[in-house]
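Visitor: Just dropping this structure here.
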Amino acid sequence: MTNITHDFAVVGTDTGVGKTVVTAGLVGWLRNAGHDAQAVKPAQTGYPPDDDAEFVATACGTDAAATCGPRLEPALAPEIAADVADERIDYTAIFETCAAALDRDGPGVIEGIGGLRVPLADGKEVVDLVSELDVPTILVARSGLGTLNHTALSVEALRRRDVFVSGIVLNQFEGETAAERTNPRVLEEMTGCPVYTMPPLSIAKPEDAVAGVCEHLPVEQVLSSVERDPIE
């Protein structure tokens, strides 16, 4: 069994960048390698139909692969969604749900919600949760024009809170434009982080996410970088 035991978070520069697919792939790889890995979604909005924890669980073939905090119907940032839906969500409860997942024997994987500055609950943002849970991060970003600014600012926001960024995944990478072809090198120079690229995946069913991520990302290398958290 590969010796990868570190808890970590998969966060994004924005919504829709591919955090859930990357999370499913990494958790699936860990479980296939013999680890009792579990993803936790701090809160879910746009529910139904959106249910990222259910996607990860289905992709990994077991409900034990994922859990979720409060689910809210409006497709908005959690704190805003709760206000619109006239519901109450509690940051302490969300934190405790995530901390419980990290306290398990196997690796815990926090999946972010939208980007880092998304309002979560009680005036706290996603980046605050990641910082207070004290976990290293894998940052998922878009591949094309504009990602240099968004990604570098996200890395800066994490580092300001002493969060280790172990690597960047540029998702939906096709290399068809000059921006795509140069972004990986430039981002490595700007941030000092290793940058990985992942092409568009054909996902007809959730299980395809695990196979696709494992095929196109150097998963063991990505996860090994999480183990080298210099902040510890």
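Glycine is treated like the rest: Cβ placed from N, Cα and C.
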Visitor: For the Mg(2+) site that Swiss-Prot gives with Asp52, Glu111, which of Thr20, Thr137, Thr147 also belongs there?
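Guide: Candidate in the recorded Mg(2+) site: Thr20.
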Visitor: To the nearest whole angstrom, what is the C-alpha distance linking Lys19 (ATP binding site) and Thr45 (substrate binding site)?
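Guide: Distance between the two Cα atoms comes out at 15 Å.
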Visitor: Looking only at C-alpha atoms, tell me how far Asp52 (ATP binding site) is from Thr20 (Mg(2+) binding site), rounded to the nearest Å.
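Guide: Approximately 6 Å lies between the Cα of Asp52 (ATP binding site) and that of Thr20 (Mg(2+) binding site).
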Visitor: Look at each of the binding-site residues, Thr20, Gln172, Ser202, and point out the one with the fewest other Cβ atoms around it within 10 Å.
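Guide: Looking at the binding-site residues Thr20, Gln172, Ser202, the Cβ with the fewest others within 10 Å is that of Ser202.
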Visitor: Listed binding-site residues are Gly16, Thr20, Ile113; which of them have CA atoms within 10 A of the CA of Thr45 (substrate binding site)?
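Guide: Candidates kept after distance check: Ile113.
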